[in-house]
Each structure stands twice: as C-alpha cells, then as structure tokens.
C-alpha cells in the first residue's frame with residue numbers, strides 16, 4: 001500500500017472513516033518505513049514489518065498479508081514507539097530482546113554483544129574439533145552464551161564453562177541455557193578472562209573485542225551506540241585481548257586441545273604471531289560466508305619448527321539452519 005493521499009474523506013466518508021483509515025496497518029507500515037529510510041536504516045520496510053509483527057504477535061509472513069488490517073489505537077501507539085526506537089538506530093534485535101543464532105533464538109541484554117552471523121564460522125570450527133567426541137569446552141567472553149550453547153547442542157557428550165566479566169551477561173547466558181535445556185552441561189561464571197580458571201580443556205573458544213579503540217566511533221550506529229563498548233574495544237591496535245589469551249591459554253589446554261578465536265579484518269597474521277609468542281602453534285584459518293578470514297585455530301606447540309598455517313580456499317559452509325534476522 002502506498003502513502004498516497006488517503007482519499008477516504010473525498011469519497012464522502014466522515015471523521016470515523018478517516019480515523020479508521022489512519023489505523024490501517026499498511027498505511028502505518030508505509031509511514032514507518034519512510035521514517036526509517038530517512039533515518040538511514042538499511043532495510044526500512046523489512047524492519048518496519050518485523051516491528052509490526054512484534055507488536056501484533058504476527059509472523060513475518062502474516063504481516064505481509066495484513067496490509068488491510070485495522071489496528072487498535074493502542075496497537076498503533078505501540079508500533080509508533082518501536083519505530084521511534086529504530087529511528088535512533090537501535091537494532092531490531094535489541095528492541096525485540098532476542099536474536100537468531102545458529103538454529104536458536106537467544107535472549108540479549110545490555111551487557112551482551114548482539115551475535116553476528118559471521119561468528120557461526122567459529123562454531124563450525126569448534127564442532128569440527130570435537131567431531132566424534134565429547135570434551136570440555138571453555139568460552140572466554142561468553143556474552144549471551146551463543147557460541148558455547150551452539151557447541152553443546154550439537155555435541156551432546158560435551159560440557160562447558162562460559163566466562164564473562166559482566167554479571168549481566170552471565171545472567172543472560174544462564175537464561176539462554178535454561179531455555180535450551182542445556183543448564184546441566186553449561187556453567188557460567190563472572191571472571192576476568194581465564195584468571196581464575198583451572199584446566200585442562202579440549203577446546204577453548206573466544207570471540208574477543210577486536211576493534212581498535214579509535215575506530216569504534218566510525219562504526220554503524222547500531223554497533224557503536226548499542227553494543228557494550230567492552231565487547232568491542234580491543235585497545236589501541238585491537239589486539240590486547242589476544243595478548244591476554246596468548247598468556248593464559250597454553251596452560252589450560254589439554255595435550256591435544258585446540259584454541260579457536262575470531263578476529264577482525266586483516267588481523268589474522270598479527271593474531272597468529274601473538275599466539276606463537278605465547279607458545280601455541282596456529283595451524284588453520286577459516287573464512288566466513290563472505291570470504292573474509294574470520295577464525296584461527298591453534299594447538300599446543302610440539303618440538304621442532306612451526307608448520308605453515310593452512311587457509312581455507314573457500315568460505316565455510318552454512319551452519320545447521322539459517323540465521324534468523
């Protein structure tokens with residue numbers, strides 16, 4: 001339905017008809033999408049529909065078929081409120097309070113990073129490490145628990161510990177574990193990286209902050225304003241967390257254990273170098289679906305020279321089910 005001029009009163013209708021026309025969902029979506037477009041939102045129509053579905057309790061498909069639906073004044077007011085929030089560039093996932101990741105719908109909080117589809121590359125790499133076995137998993141900087149919970153869901157014999165410095169993030173991760181029925185195999189605790197953790201672990205995973213401090217202000221508003229800064233800020237060069245991991249992880253890995261870490265664009269060689277200095281042997285780099293180098297795997301160093309790092313020729317395959325917007 002287009003914005004148009006309405007036309008209701010010109011056809012002889014009275015004030016009641018005009019008021020009803022103003023509450024037709026299609027018209028509200030047109031106006032909402034226009035406002036979001038002006039605000040610089042990348043996909044204004046899609047986001048307006050998602051928000052309408054949230055307010056009205058409708059699936060995205062049902063919203064597409066509901067242009068002629070007349071909403072109540074209360075529903076129109078609620079839709080106006082969430083459109084106004086999205087106008088500020090608050091992400092839809094933050095407004096809804098949840099985000100699709102792997103094949104789950106996970107709760108978010110003010111202290112958790114909004115999980116990205118690219119991070120599913122890290123999950124796929126971890127699952128390959130644990131192929132055919134259980135294992136003990138440590139997730140450093142767990143946030144919403146998305147990585148650890150995805151690994152545990154697909155490796156029923158595994159158990160895991162997630163650490164985050166933010167108590168609010170730990171509470172969200174616990175909530176997600178309970179919602180997925182994984183609370184018996186997933187423990188979460190507040191901690192400063194692995195400072196108070198005892199190993200050994202068969203797999204250690206981390207998606208640490210890796211944005212250089214000076215670059216954060218230039219990120220999309222959805223990220224710079226609404227993701228917690230401590231989940232983004234990797235220090236002056238974006239590599240401070242990897243220095244911590246390089247110092248702490250070797251002592252926590254089992255003899256055949258593996259560290260899998262996510263990193264930012266152009267950071268692969270620097271991250272590999274830091275891990276080598278810490279006593280690890282980086283052996284493989286995984287690419288995400290867009291073809292960007294995204295994930296590095298390293299193991300405890302054996303005697304002798306370091307072998308060359310293998311780089312995937314192709315991006316990793318999609319995970320178990322599409323990532324939901």
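Here the Cβ of each residue, glycine as well, is placed from N, Cα and C on the backbone.
Taken from Swiss-Prot, the feature S-adenosyl-L-methionine binding site applies to 141, 142, 143, 144, 145, 164, 193, 207, supported by sequence analysis. Per Swiss-Prot, substrate binding site is recorded for 207, 208, 209, 210, and the stated evidence type is sequence analysis. Taken from Swiss-Prot, the feature region 'Disordered' applies to 306-325.
What Swiss-Prot annotates, mapped onto the structure for a quick look.
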{"residue": "141", "record": "S-adenosyl-L-methionine binding site", "Cβ contacts under 8 Å, 6 or more apart": "163, 164, 165, 193, 206, 207, 208, 209, 231, 241"}
{"residue": "142", "record": "S-adenosyl-L-methionine binding site", "Cβ contacts under 8 Å, 6 or more apart": "148, 162, 163, 164, 169, 170, 173, 188"}
{"residue": "143", "record": "S-adenosyl-L-methionine binding site", "Cβ contacts under 8 Å, 6 or more apart": "111, 112, 113, 115, 164, 169, 172, 173, 207, 231"}
{"residue": "144", "record": "S-adenosyl-L-methionine binding site", "Cβ contacts under 8 Å, 6 or more apart": "99, 101, 106, 107, 108, 109, 112, 113, 115, 169, 172, 173, 176"}
{"residue": "145", "record": "S-adenosyl-L-methionine binding site", "Cβ contacts under 8 Å, 6 or more apart": "106, 139, 162, 172, 173, 174, 176, 177, 186, 188"}
{"residue": "210", "record": "substrate binding site", "Cβ contacts under 8 Å, 6 or more apart": "234, 238, 239, 241, 242, 262, 263, 264, 267"}
Residue 207 (S-adenosyl-L-methionine binding site) CB neighbourhood, other CB atoms within 10 A: 27
Cβ-Cβ neighbours of residue 193 (S-adenosyl-L-methionine binding site) (radius 10 Å): 19
Cβ neighbour count (within 10 Å, all chains shown) around residue 164 (S-adenosyl-L-methionine binding site): 28
Largest CA-to-CA spread of S-adenosyl-L-methionine binders 141, 142, 143, 144, 145, 164, 193, 207, angstrom: 15
Other same-chain residues whose Cβ falls within 8 Å of the Cβ centroid of 207, 208, 209, 210, the recorded substrate site, in sequence order: 141, 206, 231, 232, 234, 241, 261, 262, 263, 264
Count of other CB atoms lying within 10 Å of the CB belonging to residue 208 (substrate binding site): 20
Conformational class of residue 142 (S-adenosyl-L-methionine binding site) under the three-state DSSP mapping: coil
Cβ atoms near residue 209 (substrate binding site) (within 10 Å, other residues, all chains): 21
